[in-house]
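*Asks:* Please see the structure below; I have some questions.
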């Protein structure tokens, strides 16, 4: 879920802390990617088309296709991605996880109803909401990335917190996730939409933590309190206090303790259980592996060609010719000379307006039904494929 309304609050109140750019301008950058978030995007990408990719056992492989295509594109742009996988969530998150299960159950019931009524539009909508990342899918993603020569970090706790630790430790330039709580974990740079398909024509939205704090006119501790008041995964928020009011009240009262004293008896309603002190501690002292212990993990190596063929073609029924094409592109990307970075590409923005992108790739000649599905997946994960 992240932090409710935080991105818009920052765009409204600290617009100079947000910049837009295109993926290709991240050449030479190392980025830590929230793997679960990225793979979830890939899983639902084909839900809109009703063209789920599956293996011989009928298991969906959309996430592997998306991971292969998008990671290859990043490598071709000279970006070095590191994928960070979630570990055990904090106990305080159990309530939010239970709510997600309930929403998934409702979505499954609504999907079945839409199926009975033959309402295809609602079927697609509810089908997307039933999607959850399984442990098997997560393990398959790790296996694919390692075979591609891309580093994988398994966080002891929340992936966003581990990404932030890698960024604070100087091992990567940015945390790439859609969850705004990466900023609450004090990642120096947050890059949203980095794993989106270029076909979506949505620019990368980059937040700089130091400028966010300065723009909002608060301390780091106050920023954490604002995020808690906005609403996060670890506790319910106070009814009647949204993002802008949270900012104003923390500026006025200094912290949640003083705020609670001053709203007592008024129309604001705090949750019966409001463990804000524990939530604060989660954000300030998250369960992470120190970046100093992960230096040797952050290595990008040659792809395991035969391993990829065995896994993707023989186990997952990917088209061999297309897989070998990806392998060739990955190898070619490693042979490119290092370019000098020019950091003047970024332009500050006040809203998430789109920028022009390249036109989508032309359709290839029709082959088998399976191959057509693979092409559809490519179109949803990359706007242009190198021949």
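Just so you know, glycine gets a Cβ as well, placed from its N, Cα and C.
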*Asks:* Given that Swiss-Prot annotates 70, 231, 233 as binding DNA, state which candidate in 158, 302, 305, 306 belongs to that site as well.
*Replies:* 158
*Asks:* Out of 12, 57, 86, 221, which does Swiss-Prot tie to the same Mg(2+) 1 site as 34, 158, 160?
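*Replies:* Of the residues offered, the record points to 86.
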*Asks:* By a 10 A CB contact count over all chains shown, which of the binding-site residues listed here is most packed: 158, 179, 181, 233?
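*Replies:* That would be 158, with the most Cβ atoms nearby.
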*Asks:* Neighbour count, 10 Å Cβ-Cβ cut-off, for residue 231 (DNA binding site): what number do you get?
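*Replies:* Result for residue 231 (DNA binding site): 21 other Cβ atoms within 10 Å.
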*Asks:* With DSSP, how much of the region 'I-domain' (122-253) is helix, how much strand and how much coil, in residues?
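*Replies:* Within the region 'I-domain' (122-253) the tally stands at 69 helix, 18 strand, 45 coil.
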*Asks:* Residue 70 (DNA binding site) has how many other Cβ neighbours within 10 Å of its own Cβ?
*Replies:* 25
